[in-house]
Amino acid sequence: MAMIPDITCLSGPRVNLNISFTFGPTPCNQTVLRTAPYSPEATALFATAITLMMILTIVGNILVIIAVLTSRSLRGPQNLFLVSLAAADILVATLIIPFSLANELQGYWAFRSLWCEIYLALDVLFCTSSIAHLCAISLDRYLSISRPVSYGAQRTPARIKAAIVVVWLLSAAISFPPLLSLDKSEGGVEVCELNNERWYILYSTIGSFFAPCLIMIGVYIRIYQIAKQHTRCPPGEKPNLNTTPGNDAVPSKSLPVSSPSSPPPQSETQAKTPTEAEMRSKSGGAGLKIQPLSSLTSHKFKKTVATPTSTELAFDRPGKAQVTPMSRRKAMVNREKRFTFVLAVVIGVFVICWFPFFFSYSLQAICPETCSLPDPLFKFFFWIGYCNSCLNPVIYTIFNQDFRKAFKKILCRDTKGTNF
């Protein structure tokens, strides 16, 4: 076992390697040696794994930020929540995990007490902000599905940025007011840990995790119910094609054309589009050749096949493939369902990673003597929570095609002959 000398007493003899770590008051004529909590092999393995996790967290979330800011398919204002969430994960990897790793491997807090207080406050802040961002994303999805027209017009980048500021301020209001303490043992061994009083444990676990989790679960139940209503259409009733979940109103760009069995309606368009024979008769059969409207504007109109009931002349952009309103609505609904599913996976993974820690941490306040967990298991839950910071980019890559394409474009930008 590696031995680390204590330098809290400047006077006294040289280090005696036979002296082991002891608790309690230590006279200045002795030197206390700290025993490292892990063997050199375990220390190297643990440090390597956590370092790789930090690198993956930083690189992956930077890619998420670049993808949202540069990819045309990801420039929706709602994706700014993902940018802010990625920034919080980057801050965890740069400001929190390195010091947690040093504290874990050394077995004591080797930094100043002021930085301990800052470190603890930021740790709680970033964790709280992550789940607050997920709550905001859930509410954004709910409003975009339940109020597609009104909320779609209100969801501007400026308002999303204001909502992000509110998320960070709310997270700070939950994290900072409780007093954080740096506990010191009488032997001079510094331990950087949160306030272990019952009120603080319950306050932090409920405000930072359990209450937001209940909100997200309730919101996603409503999203699921609304999504089922959108995918079901009553028999004999046409779906409302003017609105789609999560998008603004889409005006129908089609003109009804009556069937041969029904009298033609007197419309402005029909009045201005006579047939070629009528034009020839009105011009007296002279050399004036007037082509029918369909041949003049075939590149601007979709060709439709007449049915016994009715058909449609659908205006569309030149060069676009035929897309019926029904297929467009189906594509919109499917895209909304996929995006909602991806966010549900992100939230589910977050809960899976952090629930063991918060549950075991809250048990310390409810039944500290009978419900205490073994220290190695509690530390395992602690580090599993930190692993969540590197998982979101992986989830986006696996479940979202737009992110996959954006990541490939960023990573292969300089590759010759690559087209996406």
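Glycine is treated like the rest: Cβ placed from N, Cα and C.
Listed in TrEMBL:
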- 44-68: transmembrane segment (TRANSMEM)
- 60-396: domain 'G-protein coupled receptors family 1 profile' (DOMAIN)
- 80-99: transmembrane segment (TRANSMEM)
- 119-139: transmembrane segment (TRANSMEM)
- 160-180: transmembrane segment (TRANSMEM)
- 200-221: transmembrane segment (TRANSMEM)
- 235-290: region 'Disordered' (REGION)
- 251-260: compositional bias 'Low complexity' (COMPBIAS)
- 339-360: transmembrane segment (TRANSMEM)
- 380-399: transmembrane segment (TRANSMEM)
Under 8 Å Cβ-Cβ from the transmembrane segment (200-221), and at least six residues away from its ends along the same chain, one finds 124, 127-128, 131-132, 134-135, 138-139, 141-142, 174-175, 178-179, 194, 344, 347, 351, 354-355, 358, 361-362, 364-365
Review point. Does the transmembrane segment (339-360) come near the transmembrane segment (44-68), with 3+ Cβ pairs under 8 Å (pairs 6 or more apart)?
Key: no
Within the same chain, the residues 6 or more beyond the ends of the transmembrane segment (380-399) and with Cβ under 8 Å of it are 50, 53, 56-57, 60-61, 63-64, 82, 85-86, 89, 92-93, 96-97, 100, 127, 130, 338, 341-342, 345-346, 349-350, 353-354, 356-357, 360, 407
